[in-house]
Each structure stands twice: as structure tokens, then as C-alpha cells.
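Visitor: Before I ask anything, let me first share the structure, which is written out below as C-alpha cells.
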Amino acid sequence: MLYKGDTLYLDWLEDGIAELVFDAPGSVNKLDTATVASLGEAIGVLEQQSDLKGLLLRSNKAAFIVGADITEFLSLFLVPEEQLSQWLHFANSVFNRLEDLPVPTIAAVNGYALGGGCECVLATDYRLATPDLRIGLPETKLGIMPGFGGSVRMPRMLGADSALEIIAAGKDVGADQALKIGLVDGVVKAEKLVEGAMAILRQAINGDLDWKAKRQPKLEPLKLSKIEATMSFTIAKGMVAQTAGKHYPAPITAVKTIEAAARFGREEALNLENKSFVPLAHTNEARALVGIFLNDQYVKGKAKKLTKDVETPKQAAVLGAGIMGGGIAYQSAWKGVPVVMKDINDKSLTLGMTEAAKLLNKQLERGKIDGLKLAGVISTIHPTLDYAGFDRVDIVVEAVVENPKVKKAVLAETEQKVRPDTVLASNTSTIPISELANALERPENFCGMHFFNPVHRMPLVEIIRGEKSSDETIAKVVAWASKMGKTPIVVNDCPGFFVNRVLFPYFAGFSQLLRDGADFRKIDKVMEKQFGWPMGPAYLLDVVGIDTAHHAQAVMAAGFPQRMQKDYRDAIDALFDANRFGQKNGLGFWRYKEDSKGKPKKEEDAVVDDLLAEVSQPKRDFSEEEIIARMMIPMVNEVVRCLEEGIIATPAEADMALVYGLGFPPFHGGAFRWLDTLGSAKYLDMAQQYQHLGPLYEVPEGLRNKARHNEPYYPPVEPARPVGDLKTA
């Protein structure tokens, strides 16, 4: 054994050839600060070996290196800029020394090689991969950019266009694509990986492969003519501006850095990467996006722990076809759980099957599946007008009309047709689960399962625990949601549960602004362009459906009369009374026409101004700051109340529900991350200016306490140790 660290070791393989093996405790390898330091020590040992002829890098895990240790990021990002820069220089010196070894090097890459894992193998001369490879640089999705030389080496290896596509979008690619663009040199079966890598290494040692020529381009300026460079970088900057926008500085910073570094050799180019990385790491956007990643891991870990003792349902059923039922049936079947889809009429069943077939055809068109797979999936969805096969199902989700009487009747009837251990769930969006449970003989086997539309796209499923829902019932429903590829978050019961309960105060803020003379077009523009929502409130209401919102608004007002009962006729009432139901009938706040692809495109409609004039004061202008404050305060206050009342268990789960269920702007990180970034005292000062607008603007006492004591909602993070300690971690 030449060297043994906590996460990697170095040993001789055969005469003159050494192997460096990543083998961290636990299931995966991460390129954390300790591993970077250990890698430097191992390379130091190699540099002393006069008889070294070649080096093989490999992993003892199912994946090569999954990336940097993101749990370290928040503390690293608190280190002063100068110290963070010093540490990056140290880390890059390690990869430079790997790249500069006076012998050929090869990485045998299996599974994931992401972020720092990808940057590590870019420093070797050759890369051989297994078919399950996923390799790439996802850093821009975390609000940063590659920091271990990825933005320097990848463009010089692949050319600017392919590298920019991966780096700016934070993409990873599979084995075939990696081979096509030159990111790996070959792909072999897993059992042949080391043997194949050794064969390449021996060819390089014997002079049959010119490893020095392979290495040289990574040390030099990027080989691009002035015209090629102008075209590549202009197109890349245009694409980034269009897709990422101003709220995500990392992608455009990465592109500009690669452009600026193109005319320099490795050392100067790495210095530019360092100078760009450090300021990004100190942005609120990076903290928010890293926070989302960590919250996502927490939520998924919680679901995994919850379901460890239950079996995933093997057969499911959906009550109520149509678009929603068809979407749920498709998602279940697509992920391998056969489903019976029941409705009371053929027309709805046809609509549900058409929806499932349409979604499968999209997968076929994209080349994700072939005709055989399509037929196989669709054959596991069984449409029926009766209860045939219900005695075999493990779980049933009801997705009929949002009416408590209808839902109770359907659930009670279904309970008599299934096994005593079958779980029943309701896809209600607002009706309290404990109220629906009153109709059942086995309420312990019942809970809520709130999907979001469109089901195949929206990652969140709210799992609602009723007063009598058993732990086993919740666990089984969470297991099914996870199997469907969704992110389940368990919440406690109340009208609207969590997501809709906090959404309707946001809509109430919108209605009050319109009542006071604001223009809905400006509100949409401000909330989209300035705050960052994917849709402004008027557009969102049109997508949800004005009729749906009108009904849900009444349910929420009955559930929370002190805050959500209104004493005036609002814009939603006016549009509902005029039969303007939004996208579903082409008329809402906006008018909708289908574009060439059959998608609804919004247009202005002067008629709506006359309708709104009946429920509004004369038009007046509002500042962007006032619009944002009046829209967000009611939502944030309600989010805080939900945490204080135990409707949602943690700030992390609340923020993920908002991001995954409502599209809360990820660069803000969710309501609690936004509050912590803004500061609770500053938020309180802002909210107090609008208390005269009513109970929705009254800040909860718990938040007032946070402001008094200057306490955040997320646990405070300590800065990482000084850079000198990091080096020898």
C-alpha cells in the first residue's frame, strides 16, 4: 500500500502501474474538502515514485464520484472571499499535479461522475466508461459554476459549443453522448472496465498512443478562430439570457468566464475561473439554490425513512377518469404500478385513456420509448364502468368532482368493494380529510393525496393526514407517490391543507390590489419579471380556472372566516359571473387562442377592463415594491401560521412544497429562505406598513418573536474552518 486515506487509497497494480481508488465510508464517493486534501497527499506520494509508468483512477462504489459534498457548501460560502479563493487555488493545484504527472493517466468511470467528480476525470489523459455513465457539470443549477477547472478543461477537450451546452445548462450526459462529443474515449461493460482501462494505459506506456499530445490542448488557449469564438459565445449568451434570465447569474457568468479565458493557457484561465466562482458563491441565489438541493435531500430522506417497513402498492385504482384521473393513471402505469381506472360513463373513460395515450405518445415522439414499450404501459391501465378487479387493488385514489357529498358517496361505496386492508385516498384540493372520513367505516385506512396539475410534470404530492389516518396508511401512500417519481410531503389536515391554504391569501392580496385600482397586467409583469414567479396571479388564476378558484375561495373563507372571508365583490366574482373561466373556455383575465402547436396563447382583451371597473376603484399606479409587498405578505404570514400550527412540520418541507407545488421562484429558495435572507425584522417593518389592509396582513406572533430576537428559521450555519485547516483536513 503506497498511501491510505479515509476516503481513498493508492497501491501498485502491476509493475510500474499504480491505481488510485476512491472508497469513502458509506454508499457513495464525494469530493469533499477532506478528499481533495487526501488526493493531494496521494499525488505527493506518486510524485516520489521514480519507477512509476502509469496511473489508473477508479472507484470501489456503484458510482465513481457523485460530486462535491454539497452539505459543506453553505459553510464554505460563508468563508471570506480571500480565504475561499486561496482554498480553490489549493484544490486546483491538486488537479494540476494530477494532470502534470510525467506518466499517462486514465480514469475508469462507472455510474455518476458529476461536478467535482467530472472535473477530476477531466484532469486525466484518458477516460473509459461503463454504459450506466452520467457525467456532467451541474454547478450552475446550484447558483455557482465549476470551480475545479471544469470551465477550463472541458471547452479545450470538447470544443466551445459542446462544453457551453453542458456548463451553462448544468447538464449531465449519458455514455453514448459522452463518447460522441469526446468526453470519454470508450464505453465497455462494467466487468471489462478495469481490464479495458489497463489495455489503454499499456498502449500509452508502450508509445502506441500519444498521451502527451492528448494532454497538451488542456494546457493551451482554446483553439477557436475569432469568427468561431464570436459565433459560439454570442449564441450561448443569447440562449442563457432567454432561459436563465437576470435572476440566475451563474450561467451567464460561466459563459463570460469561458469566453474571457479562451485566449489564455491553463494557469491564467484557472485564475479567471477562481475570480468568477468566488463572488457567485457569496450570492443569495447560490445559498437559496444549494438550500433547495439540501431540502430536497431531506424531504426524500424523510419519505424513505417513513416507508422502510411497508411494501410499495403493486396494484392501484383511480376513481374518476378525465384529465386528472388519466394523468394519475398514466403516471402510475409509467412507473410500473398497474392501475384500474373507473368512471360512471364511457365519455370520461375515453377522455382519461386519451390523456394517458397522449402522454405516452409524447414519450414515443421524443425517442424515450418504442412502440412495444408504449403498448406495454397502456395495457396496464384498465378502464372500467364497474368495480371489477377492485378486490385486488392495494390503494385507491378518488379524483371525482370537488363536492363533499359526491366524494363521500363515492368513497363509502368503494370501501365496500375493496379488501379491508386496502388504502383509500382522496385527491381533494381543499375539503378537510377528516370531514370526508366521517363517511367511512375504516377511517384509519384513509388519507388525502393531493396531486397538482399537470400530474406528469408537477413533482409535488401533498399527503394529508386526517385525524384518524394510521401511520401505516400514510406510509403506503407515501410509498406509492415515491414509486410514481413524485416528491411526497406529509401535512396535517385543515381546509386547503398547506399549498392551497397559503395560495389563497396570495390571491386575496391580488384581489385587494385590483379593488384599490391596480392594473392586473402590471401586477403579472412585476410578479413574473421582478419577483420571479413563472406566472403572475392573473395568468395563474386563468390556468387554475376562475370557476375552480371561485369555489375554492368559498371553501377557504368558510374554513378561516376571520382572515379569508371578504366583505366585497372582487375580480374573481366578476369574471365568474361573466362566464370567463380562464384557459378552459378561452376567456379569463386574458383571452386565449391556440398557437400552431395547439397550446393556448394569451392576448389582451379590453372587455375585461369594463368588468373589473365594476369591482374596482379608479385606476392608479402602484410601485413595484408595493405590489410585491402586498402580494407576498399574506402568503408568507399564512406559511408561518401553518408551521406554528403544525400543519407543515419544518421550514424545509414548507419551502419544497412551495417550490414544487406552486413554482415559488427557486432563486429565493422558498418562503422561509426568503424570510431569512430578507431578515425577519426587515420583513416585520415592511408588513406593518400594510396592517390596515386587514387580518391577512397581521404578522403572526411567532414571527414577531423571531424579529425581536433576530432569529432565522433555518439553523445558523458556521463558516468553514480557515483555509489552512481545510488543506490538511
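Any Cβ shown, glycine's included, is placed from N, Cα and C.
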Visitor: Given that Swiss-Prot assigns Asn500, Tyr660 to the substrate site, pick the one from Asp210, Asp296, Asp309, Asp343 that the record assigns to that site as well.
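Guide: So, going by the record in Swiss-Prot, that would be Asp296.
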Visitor: So Swiss-Prot lists Met324, Asp343, Val400, Val401, Glu402, Lys407, Ser429 for NAD(+); which of Asn274, Asn284, Asn295, Asn453 goes with them?
Guide: Asn453
Visitor: What subset of the recorded positions Glu119, Asp296, Asp343, Lys407, Ser429 lies within 10 angstroms of His450 (active site, for 3-hydroxyacyl-CoA dehydrogenase activity) at the C-alpha level?
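Guide: Those near His450 (active site, for 3-hydroxyacyl-CoA dehydrogenase activity) - Cα within 10 Å - are Ser429, in sequence order.
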Visitor: Identify which of the binding-site residues Asp296, Asp343 has its Cβ surrounded by the largest number of other Cβ atoms within 10 Å, counting every protein chain shown.
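Guide: The residue with the most neighbouring Cβ atoms within 10 Å is Asp343.
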Visitor: Determine the C-alpha span of the substrate site listed in the record, that is the greatest distance between any two of Asp296, Asn500, Tyr660, in Å to the nearest whole number.
Guide: 21
Visitor: Between Glu139 (site 'Important for catalytic activity') and Asp296 (substrate binding site), what is the CA-CA distance rounded to a whole number of Å?
Guide: 16
Visitor: Rounded to a whole number, what is the top Cα to Cα distance in Å among the residues the record ties to NAD(+), namely Met324, Asp343, Val400, Val401, Glu402, Lys407, Ser429, Asn453?
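Guide: Answer in Å: the longest Cα-Cα distance is 20.
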Visitor: At the level of the C-alpha atoms, what whole-angstrom distance separates Asp343 (NAD(+) binding site) and Glu119 (site 'Important for catalytic activity')?
Guide: 53
Visitor: Ten-angstrom check, please: count other Cβ atoms within 10 Å of the Cβ of Asn453 (NAD(+) binding site), all chains counted.
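Guide: Looking across every protein chain shown, the total is 15.
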